């Protein structure tokens with residue numbers, strides 16, 4: 001019995017431990033188990049001695065009493081037990097994953113159905129547009145005929161590229177494997193999952209951004225390329241300008257010219273070029289020898305010249321005038337057959353047909369350029385050098401052909417102009433006249449022979465050339481007539497020699513070699529030679545060329561030293577005149593004077609940028625106030641001052657200032673700044689610099705100033721920025737200190753006193769002199785002034801009775817004044833009363849405003865403390881402070897625009913104007929004038945001619 005009782009006690013203890021044990025580990029997973037379905041094991045057996053059970057915080061193992069009778073157990077209130085040793089987390093994880101899958105699948109199906117339903121609803125809401133298909137052009141429906149969809153399909157990405165765009169399922173599986181740690185906050189699985197998701201989104205974003213970056217990069221590269229070529233173009237234009245300046249400044253000593261040994265004929269040609277310019281400038285003619293080719297139109301002058309030069313270098317026309325200006329051709333011997341112009345470095349290869357065509361075209365262009373508008377021919381000479389093997393050294397001048405009748409399309413004075421040009425060249429006593437006569441026409445039709453006989457009646461420097469002898473032999477019935485011409489018996493003229501030549505068959509495409517062969521063949525078979533009518537030395541252009549060259553050099557040796565002596569005497573006279581008139585001045589020609597003036601002008605422009613900011617702001621503020629003072633006082637201050645209270649005054653002022661700022665003020669400010677810049681620029685350009693001032697530059701400086709100002713335009717954005725700045729300045733009403741208050745009062749007093757002075761002068765002119773001036777200066781009033789004076793006195797009486805009178809007279813007041821004046825015998829018109837009242841009231845108002853301004857000197861304390869005192873409402877002082885502050889800020893802003901931008905832009909304009917003037921020779925001649933300039937120009941030219949003549953004479957003696 002005792003043992004049974006002990007066992008029952010032990011069992012109750014065990015049950016109580018099971019019920020109340022708190023040693024279950026919270027981290028273990030739960031499992032639902034029924035108490036009946038499990039065996040409870042106890043650690044004590046009945047065979048053992050009963051001991052006191054040990055209390056434990058957790059049960060690792062349970063045991064049961066086997067000898068206890070079986071009885072019905074009662075269910076415990078706790079229906080769940082814990083099994084610490086068994087872990088079922090894989091099964092639980094699978095269960096949760098299955099639940100997540102069902103959730104995702106269900107959401108996808110439901111979302112898809114909802115989206116389809118929404119799409120169908122939207123589709124039903126769209127109206128049926130099938131009836132309006134006719135509006136769409138047919139080209140839209142037939143677009144498949146114009147677009148190759150197969151090519152587009154091939155351009156689309158293939159399946160491999162699409163696979164790359166598909167989601168990475170391996171990453172998805174890896175993310176699902178980390179769902180075990182997903183439900184734990186801050187776990188690594190969650191971090192990895194979010195990082196992966198963020199990475200996929202960033203990849204899509206990166207692809208979008210990369211495409212946009214490519215487009216931006218391509219646009220930027222295109223812009224850089226445009227800027228690059230724009231800079232190259234600007235650099236080339238600048239280099240071109242500089243090169244043109246260097247060409248104009250031939251005497252620039254800064255450039256090292258390599259000294260080349262020139263041939264004798266080239267040196268002589270340079271002398272003739274310089275003399276040609278000198279003769280054209282001073283309307284004189286030198287006496288140096290040259291071969292002058294004259295003849296009737298289409299007589300073959302150009303063909304003879306081409307045969308001598310051995311190249312078809314001149315433009316040709318059948319019966320049409322092609323030689324429109326003199327062409328000076330300098331022939332010299334050289335290894336290559338080339339031609340070049342005096343003012344160009346391009347060489348034309350005369351052995352190539354394309355170069356010959358280009359040369360003929362260039363000569364024609366130069367001729368047309370020399371011919372002025374309304375003229376047919378020009379006296380200006382084109383200088384051409386031709387070098388080649390076997391050429392005779394000489395200088396020939398091809399003149400326009402002499403005509404007998406002026407045809408349609410020609411200028412009326414063409415015939416006289418051609419005669420004057422020909423006479424100018426032939427009257428040179430040392431010129432060799434190469435008279436060309438067409439042998440295929442009657443001798444009686446010749447015009448040039450009479451002209452040549454007048455210029456050289458004794459024939460001491462004339463060579464007669466009969467052209468087209470082949471045609472003459474066929475057409476002329478009597479061959480003796482040709483013999484008479486060659487012997488000088490037919491024409492009334494004499495010559496040193498007579499020659500007969502053949503210059504081709506009339507085909508312009510014939511080469512020089514073919515013409516020479518034809519000429520030699522003709523004279524070998526000609527009856528004229530066989531019958532001794534012509535001598536062998538009188539035929540062919542080769543013999544002609546040798547004879548002309550010998551005659552030319554003989555004339556040169558005889559006359560060149562005499563010409564040099566005459567230029568030495570001219571130089572001595574000019575130098576003596578310079579020493580007597582300008583003993584302390586250096587001899588500067590027009591180009592050198594222009595460079596000196598250019599440097600002075602640029603220095604004056606730089607000094608413009610060195611003016612102090614204070615100077616700029618003072619003149620800007622003063623000029624701006626002079627421009628806007630009338631508007632401020634007449635249209636803003638006076639209308640606002642007629643109001644009854646300060647609120648209405650401020651409202652009126654704000655409205656009028658806003659309207660003024662939006663419309664007129666910025667434009668006025670820019671105009672003032674531009675006029676100020678012009679004034680300062682003119683002052684720096686025109687003010688004398690003391691004794692060193694040279695008045696010879698005055699016209700040039702004035703022209704540069706006017707042209708620079710005309711080209712300069714103020715920045716377009718200046719008005720917009722000024723409008724904002726001025727509006728903000730006028731919005732501010734807070735005067736911070738007493739010094740600003742006093743400055744505003746002083747500014748207001750000055751403005752009102754100036755207006756009061758103008759009003760006093762207007763009243764004085766209206767009413768005439770007062771009694772003092774009438775007694776001292778013996779002045780009287782006119783009848784009208786007397787009426788004005790009586791009216792003024794009557795109005796002043798009315799103002800004394802009511803000093804608070806408004807600005808306008810009422811009709812009954814006008815009637816009262818008129819009746820009072822009529823009672824004193826003064827007839828007055830109502831309009832005269834109004835005019836007089838305007839000036840009288842204006843003076844009264846300005847005096848009252850000045851007195852009020854004086855009272856406001858002690859009103860800053862009331863203004864600062866916002867006291868309300870009707871006697872010291874100084875709103876007008878605040879208005880003038882706002883105006884003064886706006887003027888200061890505007891002047892500061894305009895000064896910054898001037899010094900930072902506009903002065904530099906003006907300097908750039910001045911440089912461009914000077915560069916343009918430097919390239920315009922006529923402009924320099926017009927602006928740099930005077931005896932001193934002309935004398936320096938003469939000295940320079942004569943010295944250059946004499947130096948070249950001396951060098952040529954020295955080379956000529958060495959050749960002997």
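Backbone N, Cα and C atoms are what each Cβ position is placed from, and that goes for glycine too.
Residues or ranges marked as GTP binding site by Swiss-Prot: 298, 300, 301, 302, 303, 317, 468, 470, 503. The domain 'Dynamin-type G' annotation in Swiss-Prot covers 285-561, and the record cites sequence analysis as its basis. Per Swiss-Prot, topological domain 'Mitochondrial matrix' is recorded for 88-96, and the stated evidence type is similarity to another entry. The annotation transit peptide is assigned in Swiss-Prot to 1-87 on the grounds of similarity to another entry.
Non-local neighbourhood of residue 503 (GTP binding site): 300, 303, 304, 306, 307, 467, 468, 515, 519, 541, each in the same chain, at least six residues away, with C-beta under 8 Å from its C-beta. When the neighbouring Cβ atoms lying within 10 Å are counted for each of the binding-site residues (301, 468), the highest count belongs to 301.
Each of the binding-site residues 298, 303 was scored by other CB atoms within 10 A of its CB, and the lowest score goes to 298. For the domain 'Dynamin-type G' (285-561), the mean pLDDT of the prediction comes to 84.
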